[in-house]
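> Relevant sequence annotations retrieved from TrEMBL are reproduced here:
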DOMAIN    6-146  domain 'Aspartate/ornithine carbamoyltransferase carbamoyl-P binding'
BINDING   R56, T57, R106, H134, Q137, L266, P267  carbamoyl phosphate binding site
BINDING   K85, R166, R227  L-aspartate binding site
DOMAIN    153-300  domain 'Aspartate/ornithine carbamoyltransferase Asp/Orn-binding'
Amino acid sequence: MQPMHHIISTREYTKEMFDEILELAEKLEPIAKGEVQSKVMDGKILALLFFEPSTRTRMSFETAMLRLGGQFINMGAVEASSIAKGESLSDTIRVVSQYADAVVLRHPREGAALMASECASTPIINAGDGAGHHPTQTLLDLYTIKRESHLDNLNIALAGDLKYGRTIHSLCYALSRYHAKINLVSPPELRLPDRIVDDLRKRNIDVTITTDMEDVIEDIDILYMTRIQRERFPDPAEFNRVSNSMRITRELIQTAKPEMKIMHPLPRVNEISFDVDDTEHAAYFKQAFYGVPVRMAILCKVLGMEDRIREMK
Ligand code: CP
C-alpha cells in the first residue's frame, strides 16, 4: 500500500485502497458516535478553507477532528480573510499549510485542490473543486452503500444533475472498482459527460442511460439522487428549463424493492419529497452521519495514525 499524502481524487484508487478506508471507518464508528473516547489526534491541528458554502463536509471534518482529540482552525468567510484584499489561493495555501498538519480545501475552481497540493507543505484534502471531484464524499457514499445495502453485484441509479455533479463524477469511478451496474437517469441536458461514460465502458461497466426513473426503479438496490445545482449553470435560462424535471415521490417508489435505499449527498431542495423521509427507503440522513467515521478514517490515513486505529480493541 502506497503512503497516502494528499486526497485530490479517488479516480485512480484501487478496490483495496477503498476497502482499507472503509474498514478503518467501521473501527472508528464507536468514537464517531461518542460511545468511546479517543486522543489519537492529540496535538494535531486541521485547517479548513472553504471558498464555497458547506454544512456537512465542513462540520463533519470538525467533528471528526474533535472526536479524535485534535483541534481545527477555520479561515471563516472568504470576505473576512485576506483573499478579500486580493491574496492568491497559492499564497494562502503556502501560509496556512504551515499553521496546521493537514488542510481541507473546498473551492469553486476545478483543479484547485491539485494546484494547492503542489504548493502546500502539509497534506491537502479536496472537499470539492467546482464540478471536478469530491473524493471524501465518494468514500462516505461507498461506506453508506456497504452499511445500508451491499457493494458486490450492486445495481444503482445515479439521478439528477449528472453533468455538473462532482459527487456523481467521483462515485462513478469508485463504483467501477466494484463492477456495479450503473443506470444514469437525467434530463438530456444534464447527462453524464461522454468522457466519463467512455471511461466506465472501457472498464467493462454495464452503463444504461435513460430520462425516466420508471425504467429502472423496480430493479435497483440504490437510488442516488442529486440536486440540480443552480450555481453551476452558465445560463440561468438553462437552469430554469430543467430545475424541476426530476422528483422522487412516494408514488414513484411504490414499485421499488422493499430493501432499495435512497441516498443523496444533500442539501436537497425539492428533488426528494419530504414524505419519503419516514419510509424505510430513506438513507440520506444516515449517509450524512457516516461522513464522521469516514472523515476520521481519512484523517488517520493522511496523518499516519491508521496503525494505532487498527491496534484498537
Ligand atoms: N454533501 C456535501 O458536500 O454537503 P455540503 O455542501 O453541506 O458540505
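Cβ from N, Cα, C; glycine included.
Thinking about packing and proximity, how do these listed features fit into the structure?
In this structure, Q137 (carbamoyl phosphate binding site) is part of a helix by DSSP. Of all Cβ atoms in the protein chains displayed, 25 besides its own lie within 10 Å of the Cβ of Q137 (carbamoyl phosphate binding site).
K85 (L-aspartate binding site): 6 other CB atoms within 10 A of its CB, across all protein chains.
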> Across the domain 'Aspartate/ornithine carbamoyltransferase Asp/Orn-binding' (153-300), what does the pLDDT come to on average, as a whole number?
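Reported value for the domain 'Aspartate/ornithine carbamoyltransferase Asp/Orn-binding' (153-300) is a mean pLDDT of 93.
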> List those of the binding-site residues R56, T57, K85, R106, R166, R227 whose Cβ lies under 6 Å from any atom of ligand 1, in sequence order, or write none if there are none.
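R56, T57, in sequence order.
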> Which state, by DSSP, holds L266 (carbamoyl phosphate binding site): helix, strand or coil?
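Once the DSSP labels are grouped into three classes, L266 (carbamoyl phosphate binding site) ends up as coil.
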> Which are the residues of the chain, R56, T57, R106, H134, Q137, L266, P267 excluded, whose CB is within 8 A of where the CB atoms of the carbamoyl phosphate site average out, their centroid?
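Here the nearby residues are S54, T55, A127, G128, T167, P265, G291.
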